[in-house]
Each structure stands twice: as structure tokens, then as C-alpha cells.
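Straight from Swiss-Prot, the features:
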type	residues	note
SIGNAL	1-45	signal peptide
BINDING	66, 67, 86, 160, 164, 165, 167, 295, 520, 532	FAD binding site
ACT_SITE	406	active site, proton acceptor
ACT_SITE	492	active site, proton acceptor
């Protein structure tokens, strides 16, 4: 986006902006719940009043992932009553087994979003499919399928923080400056990175414990084989509480990270957003969360603000009600896919026709490629494996094979001799979201062949390790047989509503004052590391500007 677009946004913002007094006037929506006598340590402390048809709210946040959680916290701290609309459920009620989430080895309906079968990235082992039939339910992990890729996303209060491995990685500064040149990197690295790390509860594993525990034998084996081929490895921070994990290993607390839990949620240990940012927002007494509601339309309202249409669904995904509410300001935080699809649809259908032509562009899969190697029997990986990754192979500085590869667990409960890696490659390929008038849906133009550049980069690294070790790839993990590379999915969707192109330099949609984008759709397709910390930090930076310039 040019400076002129930003200046135009500043000029028009005053015409249609809503004053802070008007924002505060909407407090009636949450008045019954503001005077809470005590606060729990999770977002379940937020009032769960369901939005009613015809309600008016000062600030509506679509989604409760990283960007949405930051927006909710900073708005409520500024005194603004804020309503989050979340498509998934609130994961705060145990099932019949006494647990909120199910484990990976024995998944049930809680595992997947409105699916009849689990859909794990490692789908096969030694010729056998390992996905299992389940009852259809609003489970925690979604694998949304497009023609060339499936995208894993978290569903529920806390978004992707509920289902990821928690690796809290800071991107290389020179690469951050390359992909987001309009953002002051000094400010980001000196102010917003530390703030986000604190807010997310980032911590580091005790390296002495790491070296001795059986639970990280897989990571030590992955490190050893990488280093023998001349590659650099690095410890990586995480939001899983490693002191809790030590107690798990000692048998003092219930196992989660050591109990086969991660992609379908952790019952303990992980500092997901419902326990950090969202819990802090709830503690202000000004946050309300409406769950099991899916936003389908946003358009200017008569007079001022925006009309937001949403569908209420039941736990089997059936639409049980349609509602229209009015919001003075709307913050899009439905994730790279959700926000991009919604805005592309709104532009194409004439509800927000003046959105930039850049909306929908610049989507990428963060270069995600998964691969497994078959180690020799003397390089075992262990029958006991923590589900929380703590180490990666850092080859980003190599221009011929720039990758950062997470040494991933394969917690099967038995010795597999498999080293598994989730590689983030510097794949330059991008795609766009586009409206399909024939189906009325939004398509993604990504083709599976666009992963070939990423495969080529990863292959240079892992071919070298295999050659040095005298080992081979596992070809039975991502299909029945003869499929080496997991190249048909991503855990790290990024882009679609790029910062300073589709928005101004702070996530405003300048053609529509009062509309903001605060999630991973702002990041142009690849950040070189696990992206959630970057998304959080960018949201912190943007919300500082939005609150100081547009609201207060």
C-alpha cells in the first residue's frame, strides 16, 4: 500500500469513526457480567452470553486466535466492551472420561471439526492407515480442504493455540525485514517481541534435563544425525510449561505433553490463549464470548457501524439460527483462511465492494513440508516421546537449501526408529483466494505442484543426512506406500490480506473506516519459522496504533 492510501485512510477515518464515548455506550451488552466477584485462570471467566438478533456492540472480534486474543485484551484494557464471535466451542467442560480433550492414540469425536474420520498429517504406518472413524462433532482440529492443499486450523476459544506444538520462534531479523519492509524492525525486536513472549508465557526447556530424559531421545537422535552431516541445530522456546513437564516425568502430575496429547488439545501444561491473553481480557470484566457462531456477512449498516450476519450452529454443525448484529468496529481475526475467504466473498458479492484489489492475494503455506527418515537400530528414537518439540535444524542461511526443520515427535507408544521433521522452507510460491460465482464459495488457487521448490530445498538437507548415515526415507507415512514427502497440507497458513497492500500499514481496511485485520492473513505467505509469535507481535504493534489513533 502506498503512503497515499494510508493518508486517504487518515482523512476518511474521522468522517465515519465512532468516538470512544460511543464505544463505551455499548456497555449494556455486558453489563450483567461486568461485576465478577472472582476470575478463573482461563477465558471461561468471560461471560458466555450469546449475542441476540438485533444487538449493537462497540467492538466485535471475529475469531479468538492469536490476533483476536490480542485485540480483545488491548480493547478491554482500554475500557471498550468487546464481543468475540467464535465458530468453535469453548473447551472448558470435561467429557465422559473426565478430560476436556482426547489423546492422539485414542481419538474420539472431540478430535476433529465436523468430520467422520480423523485426518492426521502422518496418516499411515507400515502399509496401514491409522486414521480412525469418529462421530461428527464440533471438534478442536479442522483440516479444511482446497483443491491443492488441506489447511489445519484450531476450532474453539483459543484458535490455533489449542492444537499446535507451541514452538515460539523468533524469525531471522533480516528475513523479517525482507517480508515486512514497512514495519519498523527495531521497534518490533526491542518492544513487541519481548511483550508478546511475556504475554504468551514463553519458556525454555532445562537443557540438562533434556540431555538426560528418555522423553527427548528422539530429539537427541535427530540432533546427532544432523550435526554429523554438518548442520546446525538449535533449541527452541515453547509455551508448554517445562516445569510441569518435569513433574509429569516424575509421576507427580497428570501427563499431557508426556501423555500423547497435542494436535487434539492438551489437558494440562500448555499455555494456550484461553489461559493467557484471553484470560487477561476476561479479567477486565469487559469481554463477552459468543461460541458456535459463524460470521457470513459484513456490510455497512444504515447510519453508522457495520451490519454483521452470523449463523448459530449446534454441536453437529446444523444451523439453528441466523442473526444480524451491528458493530461500531469489526476486527477480522478468523485466521489467514477465514479472514481471506470472508473479505474476498464480501467484495465479490458487493457487500464491501470498495475493498482493495489486493484482498485475497499473497497466500502461502510457510513452506511446510513433512518427511521421515528410517534410522539404524543403534539410533533409536524411543518408545516414550514428548509431544512438545524443542529443537530444530537451522539451515536458513544456506541459499541453496534455506530451511528450518522442526525435529518432530512421533509418539506411537512403541519404538519406530523414525526421525520425523516438519520443515519450513523458503518456498517463494504464492496463491490467491478467489470467489467462485458458480458455487458461491471461495477457492484457493494453490496447486500441490507448487510445493516442489520446497521439496527440493528439504531434499538437499535430508539427502545429505541419509548419505552420511547410510539411511533411507520412510515412504509409508503419508500414503500407503511410495510417498516420501508430506506436501499436501500446512499447519502454517499465512497471507491473503497483506499488510500495507490490502490494508494500510497497521491493518486498517482504509476504504471502510472501522474495519481492521489483526491476524495471520497480514503476513505474506512465509515467515521462515513457526508463525504464531510473529502474528502475536504484529497484532500488538497494530493494536497500539489503532487504540491510540482511532479510539482514544
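For all residues, glycine too, the Cβ spot is worked out from N, Cα and C.
Keep in mind it's a predicted model, so treat the numbers as computed, not measured.
Using Cα positions, the member of the binding-site residues 86, 164, 167, 520 nearest to residue 406 (active site, proton acceptor) is identified as 167.
DSSP assigns residue 66 (FAD binding site) to a helix. Cβ neighbours within 10 Å of residue 164 (FAD binding site), excluding its own Cβ and spanning all shown chains: 20. Long-range Cβ neighbours of residue 167 (FAD binding site) (same chain, at least 6 residues apart, Cβ-Cβ under 8 Å): 236, 237, 238, 389, 392, 406, 529, 530. Restricting the binding-site residues 66, 86, 520 to those with a CA within 10 Å of the CA of residue 492 (active site, proton acceptor) leaves 520, listed by sequence position. The secondary structure of residue 406 (active site, proton acceptor), as reduced to three states from DSSP, is extended strand. Residue 520 (FAD binding site) has a Cβ environment of 33 other Cβ atoms inside 10 Å. Reduced to three states, the DSSP call for residue 520 (FAD binding site) is helix. Spread of the FAD binding residues is 30 Å (greatest Cα-Cα distance among 66, 67, 86, 160, 164, 165, 167, 295, 520, 532).
Under a cutoff of 8 A between CB atoms, and with a sequence separation of 6+ in the same chain, the neighbours of residue 86 (FAD binding site) are 63, 64, 156, 157, 289, 290, 291, 292, 293.
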